[in-house]
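Per TrEMBL, the features are:
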- 128-138: compositional bias 'Acidic residues' (COMPBIAS)
- 157-304: domain 'C2 Aida-type' (DOMAIN)
- 128-153: region 'Disordered' (REGION)
Amino acid sequence: MSEAARSLLQRWGASFRKGTDFDSWGQLVEAIDEYQILARHLQKEAQSQHNNSEFTEDQKKTIAKIATCLELRSAALQSTQSQDEFKLEDLKKLEPILKNILTYNKEFPFDVQPVPVRKILAPGEEEHLEFEEDDEEGGAGAGSPDSFPARVPGTLLPRLPSEPGMTLLTINIEKIGLKDAGQCIDPYITVSVKDLNGIDLTPVQDTPVALRKEDTYVHFNVDIEIQKHIEKLTKGAAIFFEFKHYKPKKRFTSTKCFAFMEMDEIKPGAIVIELYKKPTDFKRKKLQLLTKKPLYLHLHQTLHKE
């Protein structure tokens with residue numbers, strides 16, 4: 001085993017155990033976050049080109065199936081349905097497989113399929129691959145709908161328990177205005193809370209794919225529960241909303257634009273915020289408006305205080 005492969009397996013094993021420990025202890029938000037981070041790492045390795053990977057094609061298929069199981073367990077923790085759940089006991093059966101992936105040669109214990117291949121890009125990587133913007137692609141007509149990979153699943157988290165004197169924030173993402181709204185394929189929004197240095201202060205959440213597209217709007221009508229009490233957020237923090245959509249010609253999901261809301265904008269009721277050009281600038285130092293047209297992200301805020 002090469003040193004690189006050994007290091008990867010050690011990191012994956014540590015992350016797997018951390019997630020199942022959180023899960024066993026009932027720390028569901030932390031478990032979901034750990035599962036999703038590990039699933040993304042595994043999917044990225046499973047989709048890597050052969051020459052750049054430490055693993056064979058068969059091993060990568062097994063790695064991808066483990067990633068699917070992590071996503072299933074994460075979804076089960078967020079579901080209110082008790083039937084057909086992927087249980088913690090099931091997930092724990094996969095730890096020895098992951099640990100011994102280089103020698104594992106048995107049938108995979110669960111009938112799951114790898115997540116459909118979509119190129120997974122590191123932050124900031126996509127702008128080096130793209131040299132187009134709104135007008136290059138010619139709309140969503142390229143290819144038939146049957147050729148598109150499965151939709152991106154939502155990764156929404158439940159509201160935190162209330163604490164005396166502390167405030168929780170629910171943000172309803174109503175809609176986003178875009179001149180080519182009808183051309184966006186499988187659009188969704190990634191929500192994150194960052195400090196001034198762009199460091200995550202809470203788990204990142206993805207909305208489900210949008211409900212509908214109508215005229216110049218993509219409609220979501222979905223609630224996001226911010227995973228930290230407002231009083232515990234650091235000074236200068238901001239809540240980011242990255243609008244993403246799938247590009248069939250290039251076979252990856254791209255960030256089209258982003259918006260953000262600063263702490264002084266947290267107040268009950270409706271709010272509209274401006275859209276900025278990618279790449280997402282989490283440090284908020286080089287901002288460029290997406291368009292001069294009056295198109296915004298429409299939100300509604302609800303504060304919960306005990």
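A Cβ is built for glycine as well, from the same backbone N, Cα and C atoms used for every other residue.
Unlike curated entries, TrEMBL annotations are predicted automatically.
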Across the domain 'C2 Aida-type' (157-304), DSSP labelling yields 9 helix, 75 strand, 64 coil
Model confidence for the domain 'C2 Aida-type' (157-304), as mean pLDDT, reads 91
